[in-house]
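What TrEMBL records for 9-104 is domain 'Ig-like'. Residues or ranges marked as transmembrane segment in TrEMBL: 114-135. Per TrEMBL, the feature domain 'TIR' maps to 158-302.
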């Protein structure tokens, strides 16, 4: 019996000395299981130490059982720890007879907020890039979609794409004739009807205005300081705006940056309040560039252009169902080329009765 009890126990768990990285506030169970050959009389007594200091009796829970072979005995000693302080970490040793198992508990670094902050910054950067991409490419995408899938305004009896109303001031004329007209006609292929007359004398549209606007698909008003000095802009702009809305769908008003920000004219205020029914564009210093947002927004407000061969003609002005001479570019009704004497009949034309001979009729 003494020989059996002198055999040292075999440590089953842990298989080797363990090192555990645990965070502050966690709970852990240290399991030390041994096997020995002998009877219960040879049962060893487990003991635990921390950093070389013995822990008191009762610090662990011990369980003993016999194996299938009655000559084998097992003992499991479990030490439960609550790691609430830095001092709770250290080197724990399980002593069973002359066998020892060691557990090294190290305090792991808390995950912290660094990954979360980095993830938030990454999301923020992505959102900023998407916002910048949207601002830079939004108008180009809208123009591409409009030019590819937009409504075609053809066979509508219109001769011009836009009717431009502006004041007679020199600056207004220069802006329309030397900036707007070359850009829209030469670069984008639009056909413009320019008018510097008062479009609403006595706050009512004139007959000429009604006829001219009916020939155009859009109405553009260059609302400069000189334009705002007209009577209808000062006294009854609201009523005049309703008249223009009756003549043209969603008219386009162009204002200049200085007056848009500084001038508190009732007309500017009213247009800001009704931007859902009108198109309000602001001319800025950067708008001179052909690729600026001003021209893109203006082209979006204008009808979609149709590509055509020069020999075929513009499908937006040709092949009209309406044969009214007022709505045809080259009307034979208005042309005098068919009559050799437009002021009167000189008898130089062939007589119907002489067509077969080609002779002239005698008077």
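Using N, Cα and C of the backbone, Cβ positions are placed for all residues, glycine too.
Note that the structure is predicted; figures quoted are calculated from it, not measured.
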- [ ] Go ahead and report the DSSP secondary structure tallies for the domain 'Ig-like' (9-104): helix first, then strand, then coil.
- [x] 6 helix, 58 strand, 32 coil
TODO: By DSSP assignment, list the helix, strand and coil residue numbers for the domain 'TIR' (158-302), in that order.
DONE: 75 helix, 27 strand, 43 coil
- [ ] Determine the mean pLDDT over the domain 'Ig-like' (9-104), rounding to the nearest whole number.
- [x] 88
